[in-house]
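Below is one structure, written out as structure tokens, with a few remarks after it.
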Ligand SMILES: NC(=O)c1ccc[n+]([C@@H]2O[C@H](COP(=O)([O-])OP(=O)(O)OC[C@H]3O[C@@H](n4cnc5c(N)ncnc54)[C@H](O)[C@@H]3O)[C@@H](O)[C@H]2O)c1
Ligand SMILES: CC(C)[C@H](C(=O)O)[C@@H](O)C(=O)O
Ligand SMILES: [Mg+2]
């Protein structure tokens, strides 16, 4: 049956532009001849729009984006724009307005991929990062700015509703995986208010998932085990900020940030979910065709999976697996961003 995926595309800033072009190549190649067409609407949001108009995400654009089936985003952030303006005004505004409460960040060590770990074991876990609460809500402020008596606060908000729904989602994911293990990562020895809410919620929801083994780590200890024994993790559930930090570390131990994909998911499907690489706009390499587009391409695989195109998602995953094995064998040579995209597009065609 013919069907059309309406996709909002936000390449954004820096290497976001370069990697998104490659991700789209792979998306069209994998769906070619399948009866599914992709109707893309590209939105020029990010530093260029900000410099032109002072806006980051006009309400009218947000409403248009809302009318799509999914969003593909590259990256936001630019050294010429004050830090936080685009990150909060564009990226977080999308995540919050579209209720992307499940920030899904899988970490897998693909065969042959180099890792800084001597004995990595079989790394294959997913971080379910809460996406709409925590210290990201913008609850805080600063007094006496610029004086020696300045006071700055950034208050973490954790609601029973918000914690319950992400914990439940994480348990459901753990129950569907072979190892059925969930690790809560928090810091309830210090953050006693939020931490105890998370702990009680995991206990309560866990009672409804008796097959899932539950484990707990303070976030500082979790960083140890991500380096010394990452294979111990299956599903990790954690708050917005801890999840942000842990997933860059997880990327580093599984071959680098150029391979780490993510989905900002609204499991209720009342709004489009948004797929993007974990990395940022990488101003240090932007515009040079040096960026690895693999994370963006794997984000397309997550997008396809989310939309129910599981066969196409598996083909993208297989193409990446084969490409990474060729790199490991020294057969790929030095390639530009576009050359990696071309190879992956050819492999899924
Ligand atoms: N989701 C997002 O849009 C997102 C995520 C992180 C950071 N940012 C923003 O991006 C800007 C730069 O942030 P940063 O430097 O902390 O993080 P970054 O992820 O952009 O870069 C960190 C390092 O990783 C490298 N790198 C990143 N992606 C790569 C890729 N695909 N291939 C090869 N190397 C890659 C960069 O060159 C850099 O050395 C900031 O404005 C930040 O706020 C945005
Ligand atoms: C740019 C920033 C708002 C964002 C985050 O902290 O979530 C980024 O670091 C990420 O990991 O997607
Ligand atoms: Mg991050």
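Keep in mind that glycine also has a Cβ here, set from the backbone N, Cα and C atoms.
According to DSSP, residue 95 (substrate binding site) sits within a helical segment. Take the CB of residue 95 (substrate binding site) and look out to 10 A: across all protein chains shown you find 21 other CB atoms. Residues or ranges marked as substrate binding site in TrEMBL: 95, 105, 129, 220.
For 220, 244, 248, the entry in TrEMBL reads Mg(2+) binding site. Counting every protein chain shown, the Cβ of residue 248 (Mg(2+) binding site) has 14 other Cβ atoms within 10 Å.
Taken from TrEMBL, the feature NAD(+) binding site applies to 280, 281, 282, 283, 284, 285, 286, 287, 288, 289, 290, 291, 292. Listed in sequence order, the same-chain residues six or more apart from residue 284 (NAD(+) binding site) with CB atoms under 8 A from its CB number zero; the list is none.
Taken from TrEMBL, the feature domain 'Isopropylmalate dehydrogenase-like' covers 6-344.
The site 'Important for catalysis' annotation in TrEMBL covers 136 (among others). DSSP assigns residue 136 (site 'Important for catalysis') to a helix in the three-state reduction. Note: residue 136 (site 'Important for catalysis') has non-local neighbours 92, 240, 241, i.e. same-chain residues 6+ apart with C-beta under 8 A of its own C-beta.
Positions annotated as site 'Important for catalysis' by TrEMBL: 187 (among others). Within its own chain, residue 187 (site 'Important for catalysis') has 195, 218, 219, 220, 242 as residues 6 or more apart in sequence whose C-beta sits under 8 angstroms from its own. According to DSSP, residue 187 (site 'Important for catalysis') is assigned to coil rather than to any helix or strand.
Following the DSSP three-state reduction, the secondary structure of residue 286 (NAD(+) binding site) is coil. 280 are the binding-site residues among 220, 248, 280 whose C-beta comes within less than 6 Å of an atom of ligand 1, given in sequence order. Those residues of the chain, other than 220, 244, 248, with a C-beta within 8 angstroms of the mean position of the Mg(2+) site C-beta atoms are 219, 223, 241, 242, 243, 245, 246, 247, 249. Rounded to a whole value, the Cα-Cα separation of residue 282 (NAD(+) binding site) and residue 248 (Mg(2+) binding site) is 14 Å. The binding-site residues shown are 95, 286, 290, 292; of these, the one with its CA atom nearest the CA of residue 244 (Mg(2+) binding site) is 95.
A Cβ distance below 6 Å to any atom of ligand 3 is met, among the binding-site residues 105, 129, 244, 292, by 244.
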